[in-house]
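Here is what Swiss-Prot says about this protein:
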ACT_SITE  His504  active site, charge relay system
ACT_SITE  Asp534  active site, charge relay system
ACT_SITE  Ser619  active site, charge relay system
COMPBIAS  1-20  compositional bias 'Basic residues'
COMPBIAS  21-64  compositional bias 'Basic and acidic residues'
COMPBIAS  71-108  compositional bias 'Basic and acidic residues'
COMPBIAS  126-137  compositional bias 'Polar residues'
COMPBIAS  138-186  compositional bias 'Basic and acidic residues'
COMPBIAS  247-262  compositional bias 'Polar residues'
COMPBIAS  264-287  compositional bias 'Basic and acidic residues'
COMPBIAS  331-347  compositional bias 'Polar residues'
COMPBIAS  348-364  compositional bias 'Basic and acidic residues'
COMPBIAS  365-390  compositional bias 'Polar residues'
DOMAIN    680-733  domain 'PDZ'
REGION    1-287  region 'Disordered'
REGION    324-390  region 'Disordered'
TRANSMEM  410-430  transmembrane segment
Amino acid sequence: MDIGKKHVIPKSQYRRKRREFFHNEDREENLNQHQDKQNIDNTTSKKADKQIHKDSIDKHERFKNSLSSHLEQRNRDVNENKAEESKSNQDSKSAYNRDHYLTDDVSKKQNSLDSVDQDTEKSKYYEQNSEATLSTKSTDKVESTEMRKLSSDKNKVGHEEQHVLSKPSEHDKETRIDSESSRTDSDSSMQTEKIKKDSSDGNKSSNLKSEVISDKSNTVPKLSESDDEVNNQKPLTLPEEQKLKRQQSQNEQTKTYTYGDSEQNDKSNHENDLSHHTPSISDDKDNVMRENHIVDDNPDNDINTLSLSKIDDDRKLDEKIHVEDKHKQNADSSETVGYQSQSTASHRSTEKRNISINDHDKLNGQKTNTKTSANNNQKKATSKLNKGRATNNNYSDILKKFWMMYWPKLVILMGIIILIVILNAIFNNVNKNDRMNDNNDADAQKYTTTMKNANNTVKSVVTVENETSKDSSLPKDKASQDEVGSGVVYKKSGDTLYIVTNAHVVGDKENQKITFSNNKSVVGKVLGKDKWSDLAVVKATSSDSSVKEIAIGDSNNLVLGEPILVVGNPLGVDFKGTVTEGIISGLNRNVPIDFDKDNKYDMLMKAFQIDASVNPGNSGGAVVNREGKLIGVVAAKISMPNVENMSFAIPVNEVQKIVKDLETKGKIDYPDVGVKMKNIASLNSFERQAVKLPGKVKNGVVVDQVDNNGLADQSGLKKGDVITELDGKLLEDDLRFRQIIFSHKDDLKSITAKIYRDGKEKEINIKLK
């Protein structure tokens, strides 16, 4: 690649150097832009960036000028190095020829002297090296701070120059040259001081050692001279300087000299082993420059890089001390080896240095990759977080816009919803209250009707007491029997009251004391009574308007479980007007009644069963339904141990038939067939055989006596006939026979009977009139 001024280089090398040059300038520009962003508006910084990128032509021109000057200087340096190498080769050959014939005694003496002074030299050398290390570290810190200050100044100046699109100033180049020259001067001074101190220590040990060290020190000024020449050269950028040194080391590796001697080869091998552990001064310089370059490239990692460089410096100093001690012990052998061993050692030390440089570069690359990956992960996490926040912000913005656009409608809608909920709750409460009121009203109505019926019934129920007995010949205890009971006013005609009660209440007394609910009393007269139905009618007169006629119901329509009220006067006047409540527990009951108290039942009373409380004094009281109408008259209760609330009432329809005859006739005319009979159940076996009764007959009656010219005699009944059916109904006993006959008291029709006579079954008609 022809770059002008009669210089030709490979194209790949040209591109590499151009990239390095542009990289350095871009890095400086980026630093300047980073500082400008803190002080200048975004608009100004963007304009400056555009102007910088437009100045690509000027960059190429500056690069070509810099590269051409660098190549000229390199050619001069190469020529000078060749001259110096030829001169040094001649000197080394003469020194080798002069020292080749030294005896082994010199080496033995040198080894003994070295063993004596080994400990003292180590301590002194360690102190000297530690002081030199501290001085180098301090100078490095000062130089780094100076470089940072200079870079900041450059950034400011570069920012000013970016607006005018000018080239970098000469002041920056001079400061760079001064910093690099000061660094190289400090390194060369440290090397000369170390060599002088080593030479002074060698003079104290022995004269022979002083001669060897003096010969060795003669070579040191050459190094310093070369360093001075390098310092006088025009400074290059850091990457270029590093590459130049690598090329020089490679040139040194190609220089080999053959001096045929097995002993010399063994000594050179020993020296080479030591040289593997000996870091060179140029290695230190390269490391320092590399560290400075890394610090400049990445200002954010200055602290970490400096700490790593300090650790490497300490490790290298320790290795130097150890290797220098061994080097002093084998100084004679190393000098007798000659230039061949020196060149081989330098070759191996150069390889070691290159390996250490490569390892250091790999370590820095790994650290850089690790940091880069960590930064990338952090950037990804930050970007995800920012995206999430942006999404949330977008949602919030959308909601805000929606609210700003439609908030009046939303407020109205919410108000309507709240109003609907409130109205619904109000209507539900109103309906609930209405239902509760309806239920309460229904309950109140029901309760009021019940109470009304009870109060009306109480006005129609009276207390009945017999005053005197008509038959004065009866014993007092018998005359006082059933003295108090209850009665019901079933009809009122003006001031005349017709009261129905039980026959066993009035007894055989004609006059009865009637007491009303208002405690007024009158005397009533018994119009008629019937012991077979246990009913009686009393007539009384009263102008008291509070006494009411009771309403009459229909007992043919009774329902099992129908609620009823019982009103009467239990235990006399003191508890008059007592009301008890119950239900109809049974219908069509046949209740046996003992009227004359001879412990023998006289009649089957047709009644319905109630469970309301009935006590002595309730006989003749009223049983009303839920409408307050009379459906029955209390007649009896079962008074037996362990029996409760089993009472019976005569149906009102039967009562009406009886009281009608009692009002007009004063008695009830029942048909009398003129027979006496026994129950089959009471017959013994002899009596059953006498009447030739079949074994299958279990119930019925046996005619025991027939009146002459009576209805039974006229009908053809004979003594010994067994009657099992009457009027199409099974006949259980004589009470049932009387009940069936009395049930036809009104029509007096003939009824059919099934009988057994002489063991044969037959039917006959019994006349009732």
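Please read every residue number as a count from 1 along the shown chain.
Just so you know, glycine gets a Cβ as well, placed from its N, Cα and C.
Keep in mind it's a predicted model, so treat the numbers as computed, not measured.
Everything Swiss-Prot records as a feature, shown here on the structure.
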| residue | record | DSSP class |
| --- | --- | --- |
| His504 | active site, charge relay system | helix |
| Asp534 | active site, charge relay system | coil |
| Ser619 | active site, charge relay system | coil |
For Asp534 (active site, charge relay system): intrachain residues, at least 6 apart, with Cβ closer than 8 Å: Asn502, Ala503, His504, Ile593, Phe595, Met605, Ala635, Ala636, Ile650
Fewest other Cβ within 10 angstroms of its own Cβ, chosen from the active-site residues His504, Ser619: His504
Spatial neighbours of the transmembrane segment (410-430) far in sequence, C-beta under 8 Å, 6+ residues away: 403
DSSP-assigned states of the domain 'PDZ' (680-733) in counts, ordered helix, strand, coil: 14 helix, 13 strand, 27 coil
PLDDT averaged over every residue in the domain 'PDZ' (680-733): 84
